[in-house]
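Q: The structure under discussion is supplied below as structure tokens; questions concerning it will follow.
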């Protein structure tokens, strides 16, 4: 997925110091970001972080209190939603229940007064694009949730917008359908090459679909990066705990040189990490806490295979997921248990609570953040 | 078990008594309308359609019907249009003193009509306006608009706000959005509002009595005829026709509501959009 990243693509949306006040509450505290042409961009964050507010301001349903939004080199101040080169897929899909599928899809096109034959062809093409060929004459209210979503997409794409805005488009679907639609949406975005901006609170969804993700908390972007970078190098503890599962361990720097920093990590002992592993501008003495992902630790059974470093602990809880087993292990010298995930390969034994576990890890799996 | 059956019996009795009390007088209307005697009393003397014939030839009644139609249709249209604006505003915007303003708008719903009638009469006379059917329409609009707002508010509450946004987002103007999306979706509410306000205006007596000039509406005409015992049977006939019309109107309204509910994918038996 990294190969689809287009670092040199031109900027399609420029957000410059965008703030939004609702009465005394500041919902957005200065958002500055560039969104590139043709990328799948996600605004990820917990509810109330301002991501939907930001999306609605890009769409033109709301105006920023201060700051500017530029779309395709054109300042958007004073331009209403019906004159912006953006189209939205709403969380509720907002399919017009009194119209047929074809009339829904062609709703915006009607304004353009195309010849009848061309109009029909465009609508049919849009429906085929979302695998709903031949559904045109159906009544909109007979559609299933997944089909509604496709109609909403076709209705937006037929306008040939510069940017498609998606407000939690998958949250109303059940898990199986959601997984399938994630891939379809991603493929569709690649084939049409239009910029998609997705708002979601589901970190997994954002990781799977996006070229780049802006993680938002309390009206601010905490980190803007590719999915891989976000997962591997979260800039702070908040991002680290929001993206995937992270074990936090107390740590402090004991010694530092030009190239390396020696850390004393709770339960894991002395670990040397390269200086480049620190977030930009962070000094070694500012380190208070480090993190380890569950899959970066291994439970060693019968001494094999070996690992760079080994610590011992007691299994507190075992959660069996079929393909994976999640262990809660209380490492010696640590109060709170850490989470360790293991792939259930053939013949691997599953440890029970109370058993002693030997936990192996590599020193380069330690993540330092603010 | 036996206790429950006993309760059920009492409930049945209560239900039957209630229905009889509610509808028996209504059933008497057509019975006496076809009775040949001029006195409204049992036993019945014979079958006749004479009273309907009398209606057919009474010019004053025709005028009253025409006046009432004029007043009721105007009231229904005006109060529904006003109700539409108010309900849309309440459902979509928050503005200062919203609750207070809406309380004042809805007040005529609970204000005694006699007070509204007298108050309006005084104001109209002070303004030097002459009384006519239009002053009756004015009074009726005042009373009917709150009903219209109540009906249409529920229609707007059932309307997903992103429907209007989606239309606007797809390049449509505000007016175009209202025409192509909002209005069709609140249509069942609009029809309900028209029917309800029409019915209220049609049988309203006090305001019409106080505010009309020389032209009378149907209820005022009926009241004036009650003084003459010989006219009673034809009033019964008139009541019968009105009853039949009302039932027909209700069936029609329900038909439209169900059809639109089905089209919107709602269960036809729900009352959504009606009130």
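Each Cβ is built from the backbone N, Cα and C atoms, and glycine gets one as well.
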Q: Between the candidate ranges B:157-184, B:185-212, where does TrEMBL place the transmembrane segment annotation?
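A: Residues B:185-212 are the ones TrEMBL records as transmembrane segment.
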Q: Assess whether the transmembrane segment (B:131-153) lies in contact with the transmembrane segment (B:232-256), where contact requires at least three Cβ pairs under 8 Å among residues 6 or more apart in sequence.
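A: Counting Cβ pairs under 8 Å (6 or more apart in sequence), the transmembrane segment (B:131-153) does not reach the transmembrane segment (B:232-256), since there are fewer than 3.
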Q: Look over the recorded stretches B:64-91, B:185-212, B:232-256 and say which has the most C-beta pairs under 8 A to the transmembrane segment (B:12-44).
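A: Top-ranked stretch among B:64-91, B:185-212, B:232-256: B:232-256.
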